[in-house]
Amino acid sequence: MQAIKCVVVGDGAVGKTCLLLSYTTNAFPGEYILTVFDTYSTNVMVDGRPINLSLWDTAGQDDYDQFRHLSFPQTDVFLVCFALNNPASFENVRAKWYPEVSHHCPNTPIILVGTKADLREDRDTIERLRERRLQPVSHTQGYVMAKEIKAVKYLECSALTQIGLKQVFDEAIRTGLTPPQTPQTRAKKSNCTVL
């Protein structure tokens, strides 16, 4: 059975732990769970192949910045998460999470994940954001950010409703099974010959 290591990063309270628990247990936790560091493991079938998926949940709080990278070695794929109802967490993808991941693991693929998709159309959420002259992050904004940070995919999901949840992890596995393209491997595979 092939093993894939997937590390999940993003601001505190964007739903990283709920994402992992909902996926691995099919149950949504009812209360906020502060994470320092945790791992989950599950055996799944993707495209007819048995996979042992090791999921590494990291703390998003600044207090843990100096330790978080210790979970990065041998990572096959990163899920960089932000909450669709939290524009500040979206901006931190550019300001904090992409720089941190690309500094420590420049050749490891990234999937950008917008969490809490169920709240994008929620009236209370929209009103709370409107009071602060904000709005939920749009799909287009997420897609543009994914291109900017060179993510291999942009996906949205809800841990509460599980909409898009399986797709996030199926894509993480598919991405982890594909060796990263470094400039050297791209050059070797190039069909271009200069004479």
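Numbers run from 1 along the shown chain.
In case you wondered, yes, glycine gets a Cβ from its N, Cα and C as well.
Ranges compared are 32-40, 77-85, and Swiss-Prot records motif 'Effector region' for 32-40.
With the fewest other Cβ atoms inside 10 Å of its Cβ, the least crowded of the binding-site residues ALA13, ALA117 in this structure is ALA13. The number of other CB atoms found within 10 A of the CB of THR58 (GTP binding site), across every protein chain shown, is 23.
Across the motif 'Effector region' (32-40), the prediction's mean pLDDT works out to 64.
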